[in-house]
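Data first, discussion second: the structure below is written as structure tokens.
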Amino acid sequence: MMTSTLIRLPRLRFCENIRSKAIRISSMKEHHFTFAAKQRGLSCFVSERANALHLKHDCLGSLGTRLRQLLAPSDGRHFRFWSCDRGQFTLGGGTPPTQKTLEDIARGIREREYEKIVVMVGAGISTPSGIPDFRSPGSGLYDNLQQYNLPYAEAIFDISYFQHNPNPFFALAKELYPGNYRPNVAHYFVRLLHDKGQLLKLYTQNIDGLERMAGIPPRKLVEAHGTFSTATCTVCRKEYPGEELRPGIMAGTVPKCSTCKGVIKPDIIFFGEELPLQFFSYLTDFPVADLLIVMGTALEVEPFASLAYAVRNSVPRLLINRDLVGPFASRSPRHNDVIQLGDIVDGVRRLVDAMDCKEELDSLMTNSNQKL
């Protein structure tokens, strides 16, 4: 879900009005850009901002030259900028680094080169579990929601619309409530990373609770768009455990507060609501991450999407997805970006096979499913 709060993630801070008339930057912005370029790497910083802001070539050259002057005294190296029409920049005198592969990532996990892995996931990892898309015509859930005459599909997660008519959301909640579906290999892969002690944190856009069902503990989980595990009265703010709402929701009724009779809403983040506090752990997680894995997300909803830019430039990023998204679709990708396009389950299986962990993952899934 989106939020009205402006979260000033690194990428968003970079995206100020750096256009042809803004090259005469103030000392405050000069300090900020210097820090940002050092943190991200000058090459990556300039090229990513160029792509994001569609900078003109003269503006880009001026900005790059100024940053090079600012960085040179403390960095001790000189920077050579390639011509802008080549779409990238490099350190002067260096040999281009070797492009990483899926096998390199697998070897790094297997040999514990990566011990602070951050994973970002979206709805694409839950599709193999059979969770329907309420926005897709032809699905039973979509057809069921048509009786409510929604002005647009996403209105189901609009807090103003919910306050006016909560019925569509609870029709969706009945379908998605935790317990109706089972985790798949993608969820258990993240659980495997946790069991090996290599998972720093899992950031999920999903509200289906499958990460918890797979055995990932709450302390390792950031549910960026909220959770069904808890609920709150929209009037008096009384808190409820999510399971207490299950019988009523399954019966097709709107849950009401025992104290004030207000509508109880699961703690799902709606458009127009603040992000959960746990989301802000990105401030400490991403700067220390040594590997970022992105699976099953379009990286379109902010501020979640910007997290893919928040790791250090030296940190490998692996995309397992149907489509190129976010920084992976850049015209000048990093040498340590690895892309595995296609079916999510197939991509995860290929990674696990390269890690020599197939039997371990299969055993974990079998034992966990017996307990569900």
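Just so you know, glycine gets a Cβ as well, placed from its N, Cα and C.
Per TrEMBL, the features are:
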ACT_SITE  His225  active site, proton acceptor
BINDING   Cys233, Cys236, Cys257, Cys260  Zn(2+) binding site
DOMAIN    95-364  domain 'Deacetylase sirtuin-type'
Compute the mean position of the Cβ atoms of Cys233, Cys236, Cys257, Cys260, which form the recorded Zn(2+) site, and then list in sequence order the other residues of that chain whose Cβ is within 8 Å of it.
-> Thr234, Val235, Arg237, Lys238, Ser258, Thr259, Lys261, Gly262, Ile264
If you tally other C-beta atoms within 10 angstroms for each of the binding-site residues Cys257, Cys260, the top scorer is Cys257
